[in-house]
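J.: Checked Swiss-Prot, it gives:
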DOMAIN    7-42  domain 'EF-hand 1'
BINDING   20, 22, 24, 26, 31  Ca(2+) 1 binding site
DOMAIN    42-77  domain 'EF-hand 2'
BINDING   55, 57, 59, 66  Ca(2+) 2 binding site
């Protein structure tokens, strides 16, 4: 799939970096859980479910590519998250 508007990519990068608390280039379940607490109450099961959905290669982390693919498939959700972060 062709890349989006450069502004969309920059927005995804900005959000990804906010979720990637330790700056290692990937989002762990713990980082995802901490970031999502900002959005409200979230259970460990909800974090596990989201990881399973977004972590398509099953390595236990969300790469920027996986985050991008999820963002493209869920543009409305990502825009809502962008307003908060």
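The backbone N, Cα and C atoms fix where each Cβ goes, glycine too.
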J.: Secondary structure at residue 55 (Ca(2+) 2 binding site) (DSSP, helix/strand/coil)?
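T.: The three-state answer is coil.
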J.: To the nearest whole angstrom, state the Cα distance for the pair residue 22 (Ca(2+) 1 binding site) and residue 59 (Ca(2+) 2 binding site).
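T.: Here the two Cα atoms are 18 Å apart.
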J.: Calculate the per-residue pLDDT averaged over the domain 'EF-hand 1' (7-42) and state the result as an integer.
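T.: A mean pLDDT of 91 is what the model gives the domain 'EF-hand 1' (7-42).
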J.: When you measure from the Cβ of residue 66 (Ca(2+) 2 binding site), which residues in the chain that are at least 6 apart have a Cβ under 8 Å away?
T.: 54, 55, 56, 57
J.: For the domain 'EF-hand 2' (42-77), what are the DSSP-based totals of helix, strand and coil residues?
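T.: When I sort the residues of the domain 'EF-hand 2' (42-77) into the three classes, I find 24 helix, 3 strand, 9 coil.
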J.: Based on DSSP, name the secondary structure state of residue 24 (Ca(2+) 1 binding site): helix, strand or coil.
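T.: In three-state terms, residue 24 (Ca(2+) 1 binding site) counts as coil.
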J.: So around the Ca(2+) 1 site, 20, 22, 24, 26, 31 aside, which residues have their CB within 8 A of the centroid of those CB atoms?
T.: 19, 21, 23, 25, 27, 28, 61
J.: Long-range neighbours only, meaning 6 or more apart in sequence with Cβ under 8 Å: which ones does residue 20 (Ca(2+) 1 binding site) have?
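T.: Residue 20 (Ca(2+) 1 binding site) has long-range Cβ partners 26, 27, 31.
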